[in-house]
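J.: According to Swiss-Prot, the protein carries these features:
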- 66, 69, 92, 95: Zn(2+) binding site (BINDING)
């Protein structure tokens, strides 16, 4: 198999994996109000796809998943969002861990 074909095949597999992660994220978002355990399972599947294909989880998905207990985070339901000292602090209500993301202040 030529090298170019192998690279194209790898890119195709990565694109399919990202599409599946996006779809599972949408399903987790829709399923959370009725069945939070199913949304947690969808998050586990997202992580499995990411690890199996050795690609990173997209940023918009990664910011909605707890880095400690891997719960699907919904503001006001099981997560608390606060702005403190130039950071967005997301607190998971299930495990109590905090994640901090810097944000740029307007001058």
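Here, residue 1 is simply the first one shown, and the rest follow in order.
Just so you know, glycine gets a Cβ as well, placed from its N, Cα and C.
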J.: Around the C-beta of residue 66 (Zn(2+) binding site), how many further C-beta atoms are within 10 angstroms, looking at every protein chain?
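T.: Result for residue 66 (Zn(2+) binding site): 22 neighbouring Cβ atoms inside 10 Å.
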J.: Going along the chain, which residues six or more apart from residue 69 (Zn(2+) binding site) have their CB under 8 A from its CB?
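T.: When sequence neighbours closer than 6 are ignored, residue 69 (Zn(2+) binding site) has 92, 94, 95, 97 within Cβ distance under 8 Å.
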J.: Same chain, not part of 66, 69, 92, 95: whose C-beta falls within 8 angstroms of the C-beta centre of the Zn(2+) site? Give them in sequence order.
T.: 67, 68, 70, 71, 73, 94, 96, 97
J.: Rank the binding-site residues 92, 95 by the number of other Cβ atoms within 10 Å of each Cβ and report the first-ranked residue.
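T.: The most densely surrounded of these binding-site residues is 92.
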